[in-house]
Amino acid sequence: MARVFPLERTRNIGIMAHIDAGKTTTTERILFYTGRVHRIGEVDDGAATMDWMVQEQERGITITSAATTCYWRDYRINIIDTPGHVDFTVEVERSLRVLDGAIAVFDAVAGVEPQSETVWRQADKYRVPRIVYLNKMDRVGADFFKSMQSIKTKLGSDPVAVQIPLGAEDRFVGMIDLVTRKAFIYTDDLGTKIKEIPIPADLTGVVAEYREKLLEMVAETDEELMIKYLNGEELTVEDIKIGIRKATLAVKKFPVLCGSSYRNKGVQPLLDAVVDYLPAPTDVPAVCGIDQRTGREDRRVARDDEPFSALAFKVMVDPYVGKLTFFRVYSGTVNSGSHVYNSTKQKKERIGRLLQMHANHREEIEAAHAGDIIGAVGLKFTSTGDTLSDEEHPIILEAMEFPEPVISIAIEPKTKGDQDKMGVALQRLAEEDPTFKIQSNEETGQTLISGMGELHLEIIVDRLLREFKVQANIGRPQVAYKETIKGIAQAEGRFIRQTGGRGQYGHVVIVVEPLDRGKGFAFSNQIVGGVVPKEFIPAVETGVREALTSGVLFGYPVADVKVSLVDGSYHPVDSSEVAFKIAASMAVKKAVANASPVLLEPIMRVEVVLPEDYVGDVISDLNSRRGHITQMEHQGKTQIVRADVPLAEMFGYATELRSRTQGRGNHTMQFDHYAEVPQNIADKMIRKY
């Protein structure tokens, strides 16, 4: 089936921000003005189109990345609305991996907030061009210029104003477009009637100053424009737009617009900016991968006549269609009902149906082309991060990396009937979410589920009950500790069994040594002269890995360790993979015990926003929680306190903060790093254990 929309007229964008900056409201307005919905849904009354999960509607937050398609000025815009809560950072990460551009929404009162920093860095990692939208210009304390400054200082980025606001707070009525030098105001509540007015006299100086900065930036993007500018010639609107687009696509500058989505002001110019300044799939570099046949790097260009390649970025279980896989087509075309090759798993898959998504509504289509973001039913083996390709031209695109979970809870089914259902349900939820992990404790028979934060696990448990009808008892949250070593040790593992007939023989000598924090695990084979035959080396590594899943102090996973196999011996008849695996496991346990093992705990980056009257009390409380204050900042009568605090000390903090600040303080926290548990705390834990 032929392509309906040319690639140059396609935009794949994300909407990203801190929680409560107004992303979902902005998306709702975009859907309204592009004619995708005929009434505006509000987040606060649970009617937002893009927040379609029950949990999202109840909490007024976005949890999953909902995808939708809309049209503006004969352009097709595929939008992914991403969550702002730190527990769902993985949703942002996997969306940014498949997008070409993004709208970064900031609260014009608060400026850059902690999660906006995280999301901005994620977008930097994938070099995603962005336009900035300063939302909530109608709120008390909204400050366009101060917010721009905070983008510059906190993010180290270069924002460039393409609009400035007409008024602020309750006097915010419209904008001045610096590209066209025109002022306009909104004359109706729905924001559909826009009237041009003369630029107010008191703003002519500000307009001249910021337009000059814009023209200077535009001139720097192109030699011809620079000559024109230096000769004092007028740059046309077209010249200016070309310059802004060039700087945006190069991820050097970030055009800044403003508005109030809730008051229906500023969304149409934002859509114009998406079309004018953000990239089409043809503007971004070819996607890189590894050719499976040759092992060499290969590239795929966004063209329909290239071999098919796509990246699965999300898997979800839909109550009506079953397993639904979202993927981005990077090159080529795929038809409904056709076979594709999962190059990551090296398996053939059949696409049952292709679906164009609109939040949770779907429209069946016959084919997907390069640049499309699409849902597919029928892919049995594909999981998040897998590459789909043409079997004749297999390629593996760079997969996504996800953070390790930091918090766990024990979960038990209430009845025997719930037991089987719970296993299936947890497995399905783990398929959807790469940061959600399940572990069974053989000794206690308990199931441990782990995630990125309390809210993350709360949502999982809620979904178990509502979607899968599983009744379960939930334990108290537990911290995902790890163990590591501080010293170097050598140990020997010898496994010999003789029970008549063929025996078992495995013998290894290994050395363990610490790695830098966050480096994980490394295995090094230093065998010379075949004292341990090559065919047994993988079994040794497997034994080592299995032994490190349970440390010698408390049974927590051992991290940041290098294990080297340095010596050993074998028996020509009795040696086997099993014997070497067991010998390696025995050696590692001994070596770790002799290498000064220590306990590691997750440290969270905490930001508390509160009135200055309560600062002393809150700081002393954070100190009592083993917190380390890293920064304090003043914003009017508000103080921002930043600290690194162990997760173990943060349970119940929200309630404590509310009572200490009479409900006027709030906090956000996100995982930062692992650090050694102080000896006195570790000793207490050992006595309890």
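Residue numbers in this text run from 1 along the chain shown.
Including glycine, each Cβ sits where the backbone N, Cα and C put it.
As recorded in Swiss-Prot, the features of this protein are as follows:
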{"type": "DOMAIN", "residues": "8-282", "note": "domain 'tr-type G'"}
{"type": "BINDING", "residues": "17-24, 81-85, 135-138", "note": "GTP binding site"}
Cβ packing number for Met137 (GTP binding site), 10 Å threshold: 29
In the three-state DSSP scheme, Asp20 (GTP binding site) belongs to coil
Let me know the model's mean pLDDT on the domain 'tr-type G' (8-282). 84
DSSP-derived class (H/G/I helix, E/B strand, else coil) of Met137 (GTP binding site): coil
